[in-house]
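Swiss-Prot has this to say about the protein:
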{"type": "BINDING", "residues": "His58", "note": "O2 binding site"}
{"type": "BINDING", "residues": "His87", "note": "heme b binding site"}
{"type": "DOMAIN", "residues": "1-141", "note": "domain 'Globin'"}
{"type": "MOD_RES", "residues": "Ser3", "note": "phosphoserine"}
{"type": "MOD_RES", "residues": "Lys7", "note": "N6-succinyllysine"}
{"type": "MOD_RES", "residues": "Lys11", "note": "N6-succinyllysine"}
{"type": "MOD_RES", "residues": "Lys16", "note": "N6-succinyllysine"}
{"type": "MOD_RES", "residues": "Lys16", "note": "N6-acetyllysine"}
{"type": "MOD_RES", "residues": "Tyr24", "note": "phosphotyrosine"}
{"type": "MOD_RES", "residues": "Ser35", "note": "phosphoserine"}
{"type": "MOD_RES", "residues": "Lys40", "note": "N6-succinyllysine"}
{"type": "MOD_RES", "residues": "Ser102", "note": "phosphoserine"}
{"type": "MOD_RES", "residues": "Thr108", "note": "phosphothreonine"}
{"type": "MOD_RES", "residues": "Ser124", "note": "phosphoserine"}
{"type": "MOD_RES", "residues": "Ser138", "note": "phosphoserine"}
Amino acid sequence: VLSAABKSBVKAAWGKVGGNAAPYGAZALZRMFLSFPTTKTYFPHFBLSHGSAZVKAHGZKVABALTKAVGHLBBLPGTLSBLSBLHAHKLRVBPVBFKLLSHSLLVTLATHLPBBFTPAVHASLBKFLABVSTVLTSKYR
């Protein structure tokens with residue numbers, strides 16, 4: 001559960017991301033694909049090379065979903081319900097992959113925002129991404 005301080009940290013950190021959300025989302029996907037090759041399984045039709053249009057487009061989708069979630073921290077289940085249905089019932093993404101993407105996103109944010117990525121912000125973002133992952137996997141049962 002995100003505390004008031006966590007929510008404040010998440011909103012402030014995501015605000016620093018600003019217009020870079022889509023490129024950071026794509027970079028996080030690239031990191032995940034390179035670091036955890038089994039995650040490529042769900043993207044057999046994508047060109048997964050560096051800078052590909054498909055990875056950029058999917059990175060933008062990830063970033064848009066996270067931006068929406070940041071704007072609705074008090075109702076993540078309601079906000080992400082459609083995405084949860086999609087990933088559980090249609091795409092059947094391995095729940096572990098959300099943790100791997102979360103890790104890759106944290107590394108990406110730490111790389112681009114080193115002065116703002118304090119231990120407290122890191123912890124708050126980690127909790128937030130864990131909550132998002134929990135919501136996205138909640139309909140797998």
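Each residue, glycine too, has its Cβ placed from N, Cα and C.
What Swiss-Prot annotates, mapped onto the structure for a quick look.
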| residue | record | Cβ contacts under 8 Å, 6 or more apart |
| --- | --- | --- |
| Ser3 | phosphoserine | none |
| Lys7 | N6-succinyllysine | Leu73, Ser124 |
| Lys11 | N6-succinyllysine | Val70, Leu73 |
| Tyr24 | phosphotyrosine | Val17, Gly59, Ala63, Leu105, Thr108, Leu109, His112 |
| Ser35 | phosphoserine | Leu100, Ser104 |
| Lys40 | N6-succinyllysine | Phe33, Leu48 |
| His87 | heme b binding site | Val93, Leu136, Thr137 |
| Ser138 | phosphoserine | Pro77, Ser84, Ala88 |
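Comparing the modified residues Ser102, Thr108, Ser124 on other C-beta atoms within 10 angstroms of each C-beta gives the minimum for Ser102. When the recorded positions Lys16, His58 are compared by the number of other CB atoms within 10 angstroms of each CB, Lys16 has the fewest. Cα-Cα distance from Ser102 (phosphoserine) to the residue listed as 'O2 binding site': 15 Å (rounded to the nearest whole number). Between Lys16 (N6-succinyllysine) and the residue listed as 'O2 binding site', the C-alpha separation comes to 21 Å. Look at Ser3 (phosphoserine): DSSP puts it in coil.
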